[in-house]
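Per TrEMBL, the feature domain 'tRNA(Ile)-lysidine/2-thiocytidine synthase N-terminal' maps to 42-218. As annotated by TrEMBL, ATP binding site applies to Ser47, Gly48, Gly49, Gln50, Asp51, Ser52. Residues annotated as domain 'tRNA(Ile)-lysidine synthase substrate-binding' in TrEMBL: 273-321.
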Amino acid sequence: MDKLCSNNTSIHNLSFKMWTNLHAKLHQTLKDRHLLPKEKNLLIAVSGGQDSLCLLKLLVDLQSKWGWKIAIAHCDHGWISDIGMAAHVQELSENWGIPFYLKVAPMMKETEAAARKWRYQVLIEIAQNNGFTEVVTGHTLSDRAETLLYNLIRGAGTDGLGALTWQRSLTSNITLVRPLLTVSRWETWEFCQQFQLPIWEDIVNANLDYARNRIRQELLPYLKDNFNPQIETNLAQTSEVLKAESDYLEATAKTILETAIHADKTQLNRLILQTIPLALQRRVIRQFLHQITIRQLNFEQIEAVVNLINAPRRSRTSSLPGNMIAEVQEDWIIMQKST
Ligand SMILES: Nc1ncnc2c1ncn2[C@@H]1O[C@H](COP(=O)(O)OP(=O)(O)OP(=O)(O)O)[C@@H](O)[C@H]1O
């Protein structure tokens, strides 16, 4: 279901146009990072929670300075816990006189991951069908810190630790933008209180069965109280640094892979790989294996192939996903089906 509602009646909440530190901070971030250029068509993803409401109010207040066209998108996952949420966001958009797009999931999404995947799909669809070039979300500095901890605990490498980025391409002409990555959840809450924004309390956020909620409500407060009051900011900054480093290493590895790979795409030249540092060897091997469609690799499997770079002739790995093995033949590491 796809629905557009627009209403240009009184914009009662928006008449209160006070300029706060958060307005100034966002305005400066947008100028410094060129995140949302002037005159763009912005589709703001609003769940109804404090972060996306804060984002919405800030962008609406900055709209006249930047000349954007703004609309709201809400995705209804069909969960019982979300009953009333879509109507709440729709009412807000009507009161504020902002065009509103609603998508309702045809079938209830069973997991958080499935819901997220569907959400991005439908946000792209709405943007594509209605000429929006930027999809904007309310992810905060606190989300960034939580994502870093979540991925660290799961054993992610540098790429996973720098996962939540300021922007990324959703399609060739639609960009996902997260302008609140230097704003904490505490700041968005205070802002919502100040402007009496009608926050929708998502009861799923209170469910401690979810690892993310335990990180937010138990682990981070513990680390804050017992280790470092600035932990959220520090983790978010670490994530920012790691993102730049992993981008650089990935791009360098890609260039090396292009010179080391054989024309038949199944062999890698060991002499070239022997001259580069271990950090790059691992990335070249991983990119190579991804290219030949071996994707779900664990640490040991990548290390087994990396070890072949300096191994004696005829060495080989044990079986890798996809029933493949890697074997040394002269100066080459060769991928083949295991027999
Ligand atoms: N049901 C929804 N409809 C529209 N936008 C949403 C919805 N849920 C979340 N969003 C957008 O995504 C942002 C992040 O929300 P949340 O942290 O709950 O999602 P997440 O699944 O953890 O994020 P990610 O997409 O990075 O995994 C919100 O600030 C909002 O902009």
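Cβ coordinates are placed from backbone N, Cα and C, and glycine is handled just like the others.
All annotation found in TrEMBL is predicted automatically rather than curated by experts.
Taking Cβ-Cβ distances under 8 Å and a sequence separation of 6 or more, the neighbours of Gln50 (ATP binding site) in its chain are Arg185, Thr188, Trp189, Cys192, Leu197, Ile199.
With the fewest other Cβ atoms inside 10 Å of its Cβ, the least crowded of the binding-site residues Gly48, Gly49 in this structure is Gly49. Ser47 (ATP binding site) is surrounded by 19 other CB atoms, counting those within 10 A of its CB over all protein chains shown. In sequence order, Ile44, Ala45, Val46, Thr137, Gly138 make up the list of same-chain residues 6 or more apart from Ser52 (ATP binding site) whose Cβ falls under 8 Å from its Cβ. Same-chain residues with CB within 8 A of the center of the Ser47, Gly48, Gly49, Gln50, Asp51, Ser52 CB atoms, the ATP site residues themselves not counted, are Val46, Leu53, Cys54, Gly138, Ile199, Trp200, Asp202. For ligand 1, the neighbouring binding-site residues among Gly48, Gln50, Ser52 are Ser52, by Cβ distance under 6 Å. A 10 Å cutoff on Cβ-Cβ distances gives Asp51 (ATP binding site) a total of 24 other Cβ atoms nearby, all chains included. When DSSP labels each residue, the domain 'tRNA(Ile)-lysidine synthase substrate-binding' (273-321) comes out as 28 helix, 2 strand, 19 coil, counted as helix, strand and coil in that order.
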